[in-house]
C-alpha cells in the first residue's frame, strides 16, 4: 500500500473519532480536551524523538497513526486524571509498546490499550475516578485540578460499570432507575455516537467488519444467556453490556486495527469472539470494572498463534 | 464465585475453580514468574513447543501429586518439614526418571516425543515452585493434582503464544538493540500486564 493512501485512511479514521470526542467534551468538560491534547502532543513528540535517534525520514511522523493512538488513549482516560499520569501513559504506549517493536506495522500490542492498562494497574484509584457529567467547571479550575492539587471531591461520580461492579442486592429494574444509576444515559449516548461513527467506518470500507461484528454479537449472546431476568445477582442485560464503558469505541476503533489483529477473516472472527468472552468475564467476575483493554491485549498476544493455526489448518 | 452457573457437587466446583485460577488468574509464567527460561530460549517452532507442553504437563502434574503425598504422609507426621525442599527435589526427579523408563517401554512413540524436553523441564524452578505452592494452597490429593495440571496448562498456553510471537518476529523490523532477549522480556512484561486483567476472578 502506498504511503499517501495509508495517510488518507488514517486521517479519515481520526476524523471518525471527532464526533465522539466532541460529545465527550460537551458532557465531561475541558478535562477530555486537555487529555486528548496532552496525549497527542506527547505521542507526536516521542515519535519525533524516535525518528531523530534512529535517523529515519521525518515525514512519516504525521502519517496519522500516532495521532490515532493519541486520540484513542486520550478518550479512554478519566477527564480529571493528573496530567503527569496522562503523559506517563502516553510515553509508555508509544516508546515501549510501539517503537521497541520497530514502529508502525510491527507492534504486537495495541499501543493505546497497553498505555491504558499500565495506568489502570499502576494507579487504580486515580483511574477509577470519572468526573460527573455536566459539572460546571471552567478551564482554569480544570487545569488547577489536573496539574495542581487533585482535590476532586464532588466533581466525580461512578460510571455505570462501577455501579454495576459494586452494587449490592439491586435488581436490574432498580439499577436502570435514573435516580440510582445517574450516568447510564450519558454513557449510552457516548456509545451510540461511537456506534454511528463505526457504522460510517464500515460504510466507507475503512475497517473490516469481521472482528467488530463478531465481538458485538458474541457479547450480546453471552449477556443474553447469562441474564436471569433482572435479579440482584444478574450479570447485566445485553443492553447494559453493549452501551456502557468502551464497548463501541473498542469494537470499531480498537479491534479494527489491522496491525495487531489476525490477517485472515476467520482469524479476525476468532479474535472478536475471544475479546467478547474475555471482556464479559472480566466485567462480571473480575476485579476491574472494564475489561476491554485487557481483553484486547490478551488477544493481541494470541494473534500470531491464531495466524499460525488458521494458516496451517 | 458470586454467580453459580450450574449446580455441581461442591468438590467438583472447587476443582474447576482451582483449575481456572491456576490457568488464568495465578498463571505460573505471567503472574508468578516461574519457569521463564524455556520461554526465552524457545526454539520458535510450534512443533517443539507442543513437545514441551506435553512434557511440562507430565512433570508438573506428577510433581504436584508427589509433593502432596510426601508432605501429608511422611514429612508432616514425622515433623520433618524443614527437609521439604531437599526431599521434594530428590523424590520428584527420581519419580520423573522412573515414569520415563516405564513410558519408554510401554509407549515408545510418546517417549520419543518427550525425551528431549523432560530433562529440560525437570530442572526448572517451576517444578519446585508447583510443589511448594501446592503444599500451601491445596488440601486434598485430587485438588493438588488439578492444581499441577492447571499450572501446566497455563504454562503451556503462554509457551505456545510466546513461541508463535517469536516465530512472527523473525521477519519483523525490530531495532537492532532490542532484538533477542530484550524484546522477549518486553513481550513477556506486556503479556503479564494483560494477564493482570484477570485479577480478582475466583
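Please read every residue number as a count from 1 along the shown chain.
Cβ atoms are placed via backbone N, Cα and C, with glycine included.
According to TrEMBL:
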MOD_RES   A:159  FMN phosphoryl threonine
TRANSMEM  A:21-51  transmembrane segment
TRANSMEM  A:71-96  transmembrane segment
TRANSMEM  A:108-127  transmembrane segment
TRANSMEM  A:184-202  transmembrane segment
TRANSMEM  A:209-227  transmembrane segment
TRANSMEM  A:239-256  transmembrane segment
TRANSMEM  A:268-286  transmembrane segment
TRANSMEM  A:292-311  transmembrane segment
Collapsed DSSP category at the residue listed as 'FMN phosphoryl threonine': coil
Considering the transmembrane segment (A:21-51), which listed stretch of A:71-96, A:108-127, A:209-227 counts the most C-beta pairs under 8 Å: A:71-96
Protein Cβ atoms within 10 Å of residue A:159 (FMN phosphoryl threonine), excluding its own: 23
